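According to Swiss-Prot, the Mn(2+) 1 binding site annotation covers D162, G163. What Swiss-Prot records for D162, D339, D424 is Mn(2+) 2 binding site. Feature annotation from Swiss-Prot assigns compositional bias 'Acidic residues' to 79-90. The feature compositional bias 'Basic and acidic residues' is assigned by Swiss-Prot to 376-390. According to Swiss-Prot, the feature domain 'PPM-type phosphatase' maps to 120-433, an assignment based on sequence analysis. According to Swiss-Prot, the region 'Disordered' annotation covers 30-100, 363-401.
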Amino acid sequence: MADICYEDETSACESRPLWSSRKWRIGVQRFRMSPSEMNPTASTTEEEDKSEGIYNKRNKQEEYDFMNCASSSPSQSSPEEESVSLEDSDVSISDGNSSVNDVAVIPSKKTVKETDLRPRYGVASVCGRRRDMEDAVALHPSFVRKQTEFSRTRWHYFGVYDGHGCSHVAARCKERLHELVQEEALSDKKEEWKKMMERSFTRMDKEVVRWGETVMSANCRCELQTPDCDAVGSTAVVSVITPEKIIVANCGDSRAVLCRNGKAVPLSTDHKPDRPDELDRIQEAGGRVIYWDGARVLGVLAMSRAIGDNYLKPYVTSEPEVTVTDRTEEDEFLILATDGLWDVVTNEAACTMVRMCLNRKSGRGRRRGETQTPGRRSEEEGKEEEEKVVGSRKNGKRGEITDKACTEASVLLTKLALAKHSSDNVSVVVIDLRRRRKRHVA
């Protein structure tokens, strides 16, 4: 058996221009075949060569020709050319007047399908009418990467945290919760999302308790200026987006809303103390719900689940409610926001505003009968990718870039909440779920 680059005998291996790189790769590939498959008279020729004592010399010459052909391949081709997928399996090799079919092809490159690339997203967070900013937002696209032989998948993490009493629990959740979810996701091969999220939230709650005992007590700058950090906590609404699923874990009164085919679909339920099942759970644990400016646990906390708030345990728990939703082609976007938005804006109104904003930016919101000139169209298409990078602002240590349209949509929602006299901090994350797929050669 020999690895050869088979060409016409009269053609020489010469350098090829850059523009013919794709044609060259498709026309001349690396094959593994026996000499008898190439030429029916190969066996006879081999015997004659052996008798003449030049068999080894002939093999060396073929190997030399192959190395020359391999070295003459274009080495400066662009990434776009390198991303071409070689999928032709029917190969015909010509040798003068004869043609050889049924050749066993061993491709030197694998076609890898990379699904669900980094989604477009935008974020806006404002203090509003509050004196202190106690919200926190975490954006970690591609925080988990899994690869099989023929595919790569990326999981994306988005979280919104609404602190109360002070901001340090929300800030701690922003720093650590995605790492805990990542550890659980990599260690759990069965992808049991409910158990994974429950373990992650429980670990986060325990870390907050230990961190408060060792670090915060001496330097606590709580809203009430008290050294007792047990009265500090945070809500958490977290979404992990995979190519097939949308996983939402919620603890508190922040909310996740999916827009599917123009309709608002809530993926979480607020944990209010007067919710029937939460009220029963609190009373069974020996607690009470007192109405003091709304329903509150022991007349203090206006939510029945949160991370932290040690002085209210076991009535207030950190166990999240987890929903797993199958993704469809009708999914448009996902909104994660604190109660500063949802207290004054309905799910339907928020989805309508974001949908109008995204459709306008993508050109779908153009009025009926309005045409677009070819020059204008090409100019907008040319600027579309540029706006995603240049017109957006960076977030995070790794320079993650937000999408301009999603950012503007989240800003509009915060402005709407303030216009409706929201009295709380307002934080909004908008994630575009419209699919983008890319094929490339690894």
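Each residue, glycine too, has its Cβ placed from N, Cα and C.
Secondary structure at D424 (Mn(2+) 2 binding site), taken from DSSP and collapsed to helix, strand or coil, is coil.
The CA atom of D162 (Mn(2+) 1 binding site) is located 10 Å away from the CA atom of D424 (Mn(2+) 2 binding site). Annotated Mn(2+) 2 site D162, D339, D424; additional same-chain residues within 8 Å of its Cβ mean position, judged by their own Cβ, are D135, T235, D253, S254, T338, G340, L341, W342, D343, N425, V426.
Here the CA atom of G163 (Mn(2+) 1 binding site) lies 11 Å from the CA atom of D339 (Mn(2+) 2 binding site). Secondary structure from DSSP puts D339 (Mn(2+) 2 binding site) in a helix.
Summarised as a single figure, the pLDDT of the domain 'PPM-type phosphatase' (120-433) averages 85. Listed binding-site residues: D162, D339, D424; maximum Cβ neighbour count within 10 Å falls on D162. Cβ neighbours within 10 Å of G163 (Mn(2+) 1 binding site), excluding its own Cβ and spanning all shown chains: 28.
G163 (Mn(2+) 1 binding site) sits 11 Å from D424 (Mn(2+) 2 binding site), taking the Cα positions as reference.
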